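Following: one structure in structure tokens, then a few remarks.
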Amino acid sequence: MNLYRRIPIRFRIALGLVGMMAGTILLADAFGLWPSEKRQVLKGRAQLCETLAISGTAMVSTGDLDGLRITMAGITKRDAQIRSTGFRTIDGELLVDAGDHSQCWDETLPNGELQMRVPVYRNGTTWGHLEVAFASVGESLGWHRYGIYSLVAIIVPMCFIQFSIFLRKTLDAMDANGAVPKTVRDVLNTFVEGLVLIDNRNRILFANRKVCDSAGQTTQQLVGKSINDLPWVVTDGEQELPWVEANRSGESVRDRVIQMNHQSQDGETRTLTFTVNCTTYPGRGVMTTLDDITEIEENKAKLAVALGAAKDASEAKSSFLANMSHEIRTPLNAVLGFTDVLRRGMVTSSEEAVDHLNMIHRSGAHLLSLINDILDLSKIEAGKMQVESIPTAVHQALLDATGVQTARAKEKNINLTIELLSDIPRTVLGDPTRLRQIITNLVGNAIKFTENGEVRVLAECQTSADDPCLRIHVQDTGIGMTPEQQDKIFESFVQADSSTTRKFGGTGLGLSISRRLAEAMGGGLTVQSVAGEGSTFTLTLPIAENDLSDMISPDEVQRMASARDAGQGNAVLRLPHDPILVVDDGAANRRLIELVLGRAGADVTCVTNGLEAIEEMERREYRLVFMDMQMPVLDGMSATRRLRQSGCTTPIVALTGNAMKGDREKCLEAGCDDFLSKPVDLDALLACAAGYVGVADDSDQSAHQTTDGHAVDFGGLIQNRTHAPQSTNPGHSNTSATDPTGPIHSRLPMDDEDYRSVVVDFIARLDGRLKAMLHALESNSFDELQQEAHWLKGSGGTVGLPELGPPALRLESAAKQSDFGQALSIMREICDIRSRIVSPAAAADMLIEEQHAVAKLNQASHLTEVDCHDLSTEPIPCSLPLDDAEYAEIVADFIVRLDERLDAMQDLLDEGLFESLGNEAHWLKGAGGTVGYGALTQPAMELLQAARDEALDRCQHALDAVLQIRARLIVPQLSSR
């Protein structure tokens, strides 16, 4: 039955018509109404036999048997239907025959198609019989032997084909909805609900557009088709489809819910849900309406999932709050308890007091960690967590993160190690603070969940893929996790299970925060773990192609780690008082390296080129040599080769600004033992030196102090450089990373006179070198320009001004390509950076001037406002070199803009537009110091704060102070503008 329903309706009609026609023909034949060829043949044979019998009787009567034999033989031969003939007497004697009559005649067969017997009379009595054996009628008729059946066999397929074609054309020309007026159809097609008319055999008579769209078929395809053939699914527990029930019972059906599996044109399968109502018309059919509630049902399902997730989140947060209550109370009780013990004097020795203080410190640090986790999570969920994208020293982050966890690892007798599986970029773009936070959290967790064994921190650079990336693995031999636990550990407020929380503590926030921070930096955080064997967390960070130009080797990081471990617990890294030779043609580089190594206790000698280095090595034996690779007279590679050829085995460390791929290998092939790229990282410099000459013993007093009595604070130096770009200059913050127009200060500790002197000398030399670079560019001396750019690329970062490095690198590349336009654009960028660099001498003078001004204000706080304005009338010079026409022009332009903005500030104040006034004050705060008028900074800051507080009197007082300082500024005079 199902197969019949699948046959197209035109084929079904054609089959019916053909069947009726064939049946009519067969019925007519059965009643003899249809002409039969066979009957005609049999009739002719009977007549032939009668004729032969009459002729034979005459011949027998006359005794002419020979004539009879000849006649019968002739007839048999001439007529193919006759097989044989014979005259047989009444006694059974075969009197005359023709053909092989004895073989062809069968006495048992009756008269019929194959043989006939006709009586022969003599004198009125039967004398004998004429026997004629015939061939089969079919053999003589061919196709005619099948009679009516052959006709039916031809008519049926031919008519079926013709009927099918005719019906297809006819049905295509017919309107399937013709029974329904067009206006009514148009109205029904506008219904949001589906409407379908079904006859009492469940066949579709009419379906509106909604039903057709849901079924994915046209009206012509649906009409006449059984509605049960559509892919319905009964979901309300009933046994029958609603219209089947309505037709069977004769009663209307209401509010049945069924579904249909709908497949769209793009192949997507979707389940549609309908509310069905059937109205019956007894004996005629059912009118069915289908209300599409798919979206409602999907929303219900989503709501159920959301409610489940909300319930899970609520349970997780409830568990988190209970856990946090315990986590906070435990260290807080320790802080209060041990503080009370110390307050009451209940200690018996200083060692016990120190132990109590250490416990208070650890508990406070733990509390701070908990609070930081909660604050970080709140920022992330509020969408306010921001990460920086600045050059980040990955190896330094690894050293810092593992360094703070070393003590915990030692307490549990766990071996904590760092290992580089390959060279990694010296810096990548990222957020150094957040990177340290992620690694610290991963290492801390690894130590927490490891009772014995080791924790390994591995780093590798993968460059084979289309997108190069940096991978940091933290492996432990701890308790491990099941696959189910791994699926949920990155969710907020969740740990592996409740027993983990009770045994190990924690908030369950660290991994969630770490993954979100990793994703914010464009990377990811994954885990692989086996219960009982340990876990491996992998942090992935993207790296840019230019990050691969400066790589750091595993040996270099290992020496830095060894130097850190050797100096751990001491604030000062001390080198033995061994001779170290520094070879560099850059005076700033020589002075800085000499200063750092000398402060650490080494005996440092400096020369300016490779030839002097060879002569110095012949004169004296050195423990270590730092050799610049690109120098006049004799470059570092050539000098190193000569030294090695002469049998020198002293370790030589290459210093070069060429940090491209393969440069390290070239230096090592020349005979160098190690490689440091410029700008020189002072931490790496000290670690490298310590790796070759060792660390001074506590008994070696010669290394404790240098000749000027200063000790090098290695820990402080690491912190200052690690947290760059934060300035170490008192009273200043380095805004170059966030404000592209703000002042730039050296990252070196400017409170140290020696470091400050190095930076001052570099800035003075920089101005001359910039003029030389401009002259080289004007004269198309690209080789000279390339050498100057190479010097600037290494020296700028070495003296704590890394802003000069990237443009210097690009300038060197442009000079190599003799690209005048590109070089000119980069030179303008470098000159702009130079205009923002604040000389430490000028900064110190400005600080002293500000301190004196504050002291005078404090001493004269009892004076009137007018008196305060009259405190000083001394002229204020510009700290920039105004003898340079370009600098003088910059300052003069600033004065013009300042006068215009001061007038605007007074107008804004009079109108009470404090927000706009604050914007102007913010501009003045940054621009004044940048162009060398640091005296404007303090009153501009006071004006900015007063504008934010909308304090009218304070704003006017601060603006008057700015106007007074403006009147004292020494303005450069230009010959022409």
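Placed from the backbone N, Cα and C atoms, the Cβ positions cover glycine too.
Lifted from TrEMBL, the feature list:
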| type | residues | note |
| --- | --- | --- |
| TRANSMEM | 12-34 | transmembrane segment |
| DOMAIN | 180-226 | domain 'PAS' |
| DOMAIN | 323-545 | domain 'Histidine kinase' |
| DOMAIN | 579-693 | domain 'Response regulatory' |
| MOD_RES | ASP628 | 4-aspartylphosphate |
| COMPBIAS | 721-739 | compositional bias 'Polar residues' |
| DOMAIN | 751-851 | domain 'HPt' |
| DOMAIN | 883-977 | domain 'HPt' |
- Tally of helix, strand and coil residues over the domain 'PAS' (180-226) according to DSSP? 19 helix, 12 strand, 16 coil
- Task: Report, as numbers and ranges, every residue of the chain located at least six residues beyond the transmembrane segment (12-34) whose Cβ falls under 8 Å of a Cβ in that stretch; write 'none' if there are none.
- Result: 4, 147-148, 151-152, 155-156, 159-160, 163-164, 167
- Reduced to three states, what secondary structure does DSSP give the residue listed as '4-aspartylphosphate'? strand
- Could you put numbers on the helix, strand and coil content of the domain 'HPt' (751-851), residue by residue per DSSP? 87 helix, 1 strand, 13 coil
- Message: For a quick check of packing: other C-beta atoms within 10 Å of the C-beta of the residue listed as '4-aspartylphosphate', how many?
- Response: 26
